[in-house]
Amino acid sequence: MPLPKAELHLHVEGTLEPELAFALAARNGVELPYADTEELRKAYAFDDLQSFLNLYYELMAVLRTEQDFEDLADAYLERAAAQGVRHAEIFFDPQAHLARGVAMGTVVEGLWRALGRSEEKHGVSTRLIMCFLRDESADSALETLEAAKPYLDRIVGVGLDSAEVGHPPAEFRAVYEAAAALGLRRVAHAGEEGPPEYITEALDVLGVERVDHGLRCMEDPALVERLVRERVPLTLCPLSNVRLRAVDTLADHPLAAMLDAGLLCTVNSDDPAYFGGYAGDNFHAVRDALGLSEEHMRRLARNSFAASFLEDDEERRARYLSEVDAYEFGGR
Ligand SMILES: Nc1ncnc2[nH]cnc12
Ligand SMILES: [Zn+2]
C-alpha cells in the first residue's frame, strides 16, 4: 500500500497521456501533427518551461467536450489513487480553452462530472483551482474570473501559471483582490524559473497562501527564513524540475536542504503525463535520489495534508493525517 498523500500541484491538462490524446483526437476529428504515440513521446524532450508549454498548449486542441474533460480528469484520478493520493487540488487553465472556443461551462461541468464522483469511485477527495495565464493580460484574467462566476461553488481558489520570467506577480494584483473578495483561496507559481523576488511579490502583493514551486527561494536566505517563520507551504515538483532543467539531475534537487531548513515542502507531479511520473513516482524518485529517510517521507505526506485547503472539512484532514501517522513503511 502506498504512503497516503495529497497532491496540491497538478495541472489537469498536464495529465493528458499520448494514448488519450490520440483517442480524443479521433473522437473529435482533430488532426495531430504526430504519426503516433511513439512519435509524440519523442517530442517530450524539453529545454525549459517555454518549450514544454508549446507542446502542452498544442495538445489541448483535442479537448473539446464535457466528456473529454471528464475522461481526462477521471483517468488522472484513477492513476493518482493507485499511487496513494487521497486528496487532490487540481489546477485548470480556462483561458487556454476559451481561446479555442470551448466555453467555461464545458470545462468546469466536464471536470466536475469526474470530480463529483471521485470519492465514491476512486477514494480521492478533490478541490478545483482555476489558474490565470500570466503571459496573457491582467484584463484577460479579470474577464476569466467574471466568466467563472456562475461556477464558483465548484472552485476553491485561483492560481497563476504559464511562462514566468518577464511576467511578475504584481501585474495580477487586481484580479487577486477580486478573487479574495469572492472568498477564493489564492496560490501562484513563483520561483520556478523566475527570481526569488517573484516569491516575495506573490506573498505581499497577491496574498498567496501557498507558493507553487518556490524552488529559487534558496537563493535568498532572508526569504527562506520568512517562509519558515510564516509556515508558507511550497508545492515542489521534482521530476518537473529535472525535465524543464530547473535542476540538472534529481540528485542536485534542493528538497533535502529545504526540508532541513525547516521549509514546509510538499512533493507533487505538476504535469505527470509529460514529466515521467505521478505523485507516488515523485515521492519514490526523491527518496532514492536524495536518500530521504522514512521520517522525511512521512513529513512530506503530513505536510501535503497540512497545506491542503481542507479548512471546510477538518475532520477529513485529521483522518488523513492519522492514516499517515499509522502508515508502516515496507518496501516501496
Ligand atoms: N510547470 C508549470 N509552470 C508554469 N505553468 C505551467 N502550466 C503547466 N505546467 C506549468
Ligand atoms: Zn505547475
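If you go along the chain as it appears here, the first residue is 1 and each next one adds 1.
Using the three backbone atoms N, Cα and C, a Cβ is placed for every residue, glycine included.
Since the structure is predicted, the reported quantities are computational estimates derived from the model, not experimental observations.
Copied over from TrEMBL:
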| type | residues | note |
| --- | --- | --- |
| DOMAIN | 4-325 | domain 'Adenosine deaminase' |
| BINDING | HIS9, HIS11, HIS189, ASP270 | Zn(2+) binding site |
| ACT_SITE | GLU192 | active site, proton donor |
| SITE | HIS213 | site 'Important for catalytic activity' |
| BINDING | ASP271 | substrate binding site |
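Structural mapping of features recorded in TrEMBL.
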| residue | record | DSSP class |
| --- | --- | --- |
| HIS9 | Zn(2+) binding site | strand |
| HIS189 | Zn(2+) binding site | strand |
| HIS213 | site 'Important for catalytic activity' | strand |
| ASP270 | Zn(2+) binding site | strand |
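A Cβ within 8 Å of the Cβ centre of HIS9, HIS11, HIS189, ASP270, the residues given for Zn(2+), is found for these other residues of the same chain: LEU10, GLY14, PHE91, ASP161, ASP212, HIS213, THR235, CYS237, SER240, ASN268, ASP271. Among the recorded positions GLU192, HIS213, ASP271, no residue has its Cβ under 6 Å from any atom of ligand 2. Contacts of HIS189 (Zn(2+) binding site) defined by a Cβ separation under 8 A and a same-chain sequence distance of 6+ are given as ARG134, GLY159, LEU160, ASP161, GLU164, ASP212, HIS213, in order along the sequence.
Around the Cβ of the residue listed as 'active site, proton donor', the number of neighbouring Cβ atoms within 10 Å comes to 24. For the domain 'Adenosine deaminase' (4-325), the model gives a mean pLDDT of 98.
Of the listed binding-site residues, namely ASP270, ASP271, the sparsest Cβ surroundings within 10 Å are found at ASP271. Neighbour count (other Cβ atoms within 10 Å of the Cβ, all protein chains): 27 for HIS213 (site 'Important for catalytic activity'). With respect to Cβ neighbours within 10 Å, the binding-site residues HIS9, HIS11 differ, and HIS11 shows the lowest count. Of the recorded residues, ASP270 (Zn(2+) binding site) and GLU192 (active site, proton donor) place their C-alpha atoms 12 Å from one another. Using a 10 Å Cα-Cα cut-off around ASP271 (substrate binding site), the recorded positions HIS9, HIS11, GLU192 reduce to HIS9, HIS11.
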